[in-house]
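A.B. asks: Please find one structure pasted underneath; my questions will follow.
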């Protein structure tokens, strides 16, 4: 089948699977007359299940996706979404909602199949264009779903349960698409093509990541999809370094075991690159905090302004924050910033801004418009930085190693996210109220900013010290030999 057919079908799936009119009003639906659950049940007992299931399923699904060559996992994701919204519509009770969150965690973990499938069926020369189409389709689906839900709620005054039915219908339409996709013959790791098997980067390139304006402008043509779960920058594979198969770690047989050993070896080599390591650390730390904010923001808004007493505008806020985040990411290519040089200090400043946004949401006056505005700024800043982080990582890795590092970074974020959820959110831990949680999250982003302030200062002072040492070495080499005495020939 042609690449055009495959790309169009994948875009259809991405659009309708992301078209979720009920998503901005999930907390209001669960705590409203439809399900009549308490805030403590929703925040401390139901939502954490998504975190735990996402973490438990991410690694096996990541490996299974590649081993089964994507299509079966795409079908699994589609079925999981249908089950999720079917339960949301028909099921009642705490246990049923927890089961719903498990299936949503499975669907979220399976997103890797959607973002990886395209690379197995199109030529490398079409990677960037095909990726842009697929991510744009998912982005527009997410924004359109939020806007549609808000318009139906505000103008047509439909009930929230009808938004759930619309979301279920959209998921059902999306579920038909994967069945018609061709089965790939290759994958990134377990079923590599001969050409891909010869491209094995050892880690960080000896060449620095090009941070010139021309290189950063590549981001400008790279749309991404913010689903509240993953943020990935589309890019063609940048092979700044290669190694032959003879440089693979010795030992080990063929098949899955050898693939896993090779992946572990490559992972260690990749993280030896200081630039890649710094951006990966920020990725994991910030994504963890971001997950917490978007997962519990609706609960905070519900506490500030009860949906059954006042008109709420969650859909407009989600739409605006998504589109502004997309614009911020596209503007990255226009910023004359040397991210490789000033990255840590900029991460300090912008992480501090994110912390301020979270603290503002917890102001005592409980103004819903202040909460909405802070949330929009928070998401836009995160989307801008995650785009830069993705580019900085992708610019020094092949497509195979990029997928590996992305998966490990996300897994690290999930580990930390789970730890925070167990301690702060879960009723088995502290089970704190949502306002106290957001105060802790604000402090969390403050700690992130301090980490990168110290890292930036260390880089600046190390750079100056290196220059001084280099100047001293040059000065000594230019000095006259033999104590400045010129030796002449007496003959």
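Note: Cβ is positioned from N, Cα and C throughout, glycine not excepted.
Residues or ranges marked as transmembrane segment by TrEMBL: 46-65, 72-89, 95-117, 137-155, 161-181, 276-299, 319-338, 345-364, 376-395, 402-425, 437-458.
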A.B. asks: Considering only the recorded stretches 95-117, 137-155, 161-181, 276-299, 376-395, state which has the highest number of Cβ pairs under 8 Å to the transmembrane segment (72-89).
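C.D. replies: Most Cβ pairs under 8 Å with the transmembrane segment (72-89) come from 95-117.
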A.B. asks: Name the range, of those listed as 46-65, 95-117, 137-155, 319-338, 437-458, that has the largest tally of Cβ pairs under 8 Å with the transmembrane segment (402-425).
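C.D. replies: Checked against 46-65, 95-117, 137-155, 319-338, 437-458; highest Cβ contact count belongs to 46-65.
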A.B. asks: How about the transmembrane segment (376-395) and the transmembrane segment (137-155): do they have 3 or more C-beta pairs under 8 A, pairs 6 or more apart in sequence?
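C.D. replies: These two segments do not touch.
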A.B. asks: Can you work out which residues elsewhere in the same chain, 6+ from the ends of the transmembrane segment (345-364), have a Cβ less than 8 Å from its Cβ atoms?
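C.D. replies: Distant contacts of the transmembrane segment (345-364): 282, 286, 289, 293, 297, 300, 337, 339, 370-371, 374-375, 377-378, 381-382, 384-385, 435, 438-439, 441-446, 448-450, 452-453, 456, 460.
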A.B. asks: With pairs restricted to those 6 or more apart in sequence, evaluate whether the transmembrane segment (46-65) and the transmembrane segment (161-181) have 3+ C-beta pairs under 8 Å.
C.D. replies: no
